[in-house]
Amino acid sequence: MNVLLQELFIIILSAGKGKRMFTSIPKVLHKLAGKPILQHIIDKVLYLKAKKINIVYGYEGKLLRKKIISRGFSLNWTLQSEQNGTGHAVQQVIFKEIGNDNDKILILYGDVPLISINTLRKLLYSHSGFNISLLTAVIDSPDGYGRIIRKNGKISKIIEHEDALSIDKNIREINTGVMVVNRYYLRFWLNKLLNKRNKDKEIYLTDIISIAYKSGNIINSVQPEKVFEIFGINNRFQLMKLEKIYQIEQAKKLLLNGVTLSDYNRFDLRGTLKHGKDIFIDINVVLKGSVIIGDRVKIGNGCVLKNVIINNDVIIHPYSIIEDACLDSNSVIGPFAHIHSKSKIKKNVHVGNFVEIKNTIFGKNSKVGHLSYLGDSDIGKNVNIGAGTITCNFDGKKKNKTIIKNNVFIGANSELIAPVIINSGAVVGAGTTVTKNINRKDKIISRIRQFSILRKENNSK
């Protein structure tokens, strides 16, 4: 591990109520790309291998702990019962935590989800030889942000937007809030803020900058790799904007790595994607969780894939939903198919339109063309399932299994009442209700006999 990161402690400020979100849950639990805003930050800082990660929260602590995944790292949760500013939030941790004077304290914000690990490493590595380092950014529209004030090129203070003079508001270098401070100096400077509050009776963390400057410290600063990394979320419009930025960035990476997207503005990745070569993804496709796609796969418009493995040369026609499933090579799915609940589709299979497959193994070279439901089933090779076939797997108390062995033909509009076994080579006639096991190569049919009803002619005039 790099020496610069060995003494690293992280504080993530997440106590804001998100009033402008008009919500009943903590702002940092609202989702960006399918996971909580705060989770984006945590997932990145875990790569820094800090000694401790402290999350300062304001309310709904139980809900936060439930929704946030620690990925095996022990997160420390600190309550800021009264939201009295960013300085007050950091005080809740730094005055209670025991550590070495030389510890580096990285301060982040739970509502700034797109900051990159490369930018954080850049900030940490540049901190060597300084007591305090800031992440600043130069942006075209700095309204709402605190301005960086420099004297002779050196940072001397930060002025909040509402306190800035007209001349200061022309400054385009802004404070992102992200900083690294040595523990001794952070504690020392925060002590000086104990009795210093703004007009809203809040303690601003940014006030330590002027204290540091006046005591002879040089305030180090670096810029993010990309400006959008420092954008925060205070309302749902800003959340939507960052969602769009995030999705376009993901799409660019995929395009540059050989994936063809029909329209990168209409692609949605809400998890992770591992992919092979020569993949085509049409518009309005949503990928969730862990998605693994092999070579030469084609995915039609409007499909939703969640926690799936798709092997080589699979074609998925439009508006198919595939969740928690594995598709073997050379299969053709959809349109409007629904495959889910640990189903496994073997090689060279056809699953047609309006077919639902749940918790089922569907064997090699088998076909189910349309309008069928196959649940809790084990289906062999070379099986043909006719239109309208359903497995009746639930008896009111438990799910029961249907087993269809190799080379079976099931006629259209058949009902298979589980538990039932249809042995190899059997033929089930159209419209049959199967209530008991069928022997090998048997041909069975059970349907109401067709008959005519004679109508008397009406001779009345």
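Note: Cβ is positioned from N, Cα and C throughout, glycine not excepted.
The predicted model assigns the region 'Pyrophosphorylase' (1-236) a mean pLDDT of 93. Marked as region 'Pyrophosphorylase' by Swiss-Prot: 1-236.
The DSSP secondary structure for ASP111 (UDP-N-acetyl-alpha-D-glucosamine binding site) is coil. According to Swiss-Prot, the UDP-N-acetyl-alpha-D-glucosamine binding site annotation covers LYS27, GLN80, GLY85, THR86, TYR109, GLY110, ASP111, GLY146, GLU160, ASN175, ASN234, LYS358, TYR373, ASN384.
Per Swiss-Prot, the feature Mg(2+) binding site maps to ASP111, ASN234. In sequence order, SER14, GLY16, GLY18, LYS27, VAL28, ILE37, LEU38, GLY232, ILE233, ASN234 are the residues of the chain that are 6 or more apart from ASP111 (UDP-N-acetyl-alpha-D-glucosamine binding site) and have a CB within less than 8 Å of its CB.
What Swiss-Prot lists as region 'Linker' is 237-257. In the region 'Linker' (237-257), helix, strand and coil residues by DSSP number 20 helix, 0 strand, 1 coil.
The region 'N-acetyltransferase' annotation in Swiss-Prot covers 258-461.
DSSP classifies HIS370 (active site, proton acceptor) as strand under the three-state reduction. Swiss-Prot lists HIS370 with the feature active site, proton acceptor.
Summarising the annotation, Swiss-Prot assigns acetyl-CoA binding site to ALA387, ALA430, ARG447. Classification of ALA387 (acetyl-CoA binding site) by DSSP places it in coil, neither helical nor stranded.
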Judged by other C-beta atoms within 10 Å of its C-beta, the most isolated of the recorded positions LYS27, HIS370, ARG447 is ARG447
If we skip the immediate neighbours and take only residues 6+ beyond the ends of the region 'Linker' (237-257), which ones have a Cβ under 8 Å from one of its Cβ atoms? 21, 30, 32-33, 37, 113-114, 228, 231, 264-265, 267-269, 273, 275
Return the residues near ALA430 (acetyl-CoA binding site) by Cβ distance under 8 Å, restricted to its own chain and a separation of at least 6 in sequence. GLY386, GLY411, ALA412, ASN413, SER414, ILE445, ARG447
I need the neighbours of the acetyl-CoA site defined by ALA387, ALA430, ARG447. Which other residues of that chain put their C-beta within 8 angstroms of the C-beta centroid, in sequence order? GLY386, GLY388, GLY411, ALA412, ASN413, SER414, GLY429, GLY431, THR432
What is the separation, in Å, between the Cα atoms of TYR109 (UDP-N-acetyl-alpha-D-glucosamine binding site) and HIS370 (active site, proton acceptor)? 51
Sequence-ordered list of residues in the chain of TYR373 (UDP-N-acetyl-alpha-D-glucosamine binding site) that lie 6 or more positions away and have a Cβ within less than 8 Å of its Cβ, or none, is VAL355, GLU356, LYS358, THR389, ILE390, THR391
So how many other Cβ atoms are close to GLU160 (UDP-N-acetyl-alpha-D-glucosamine binding site), meaning within 10 Å of its Cβ? 15
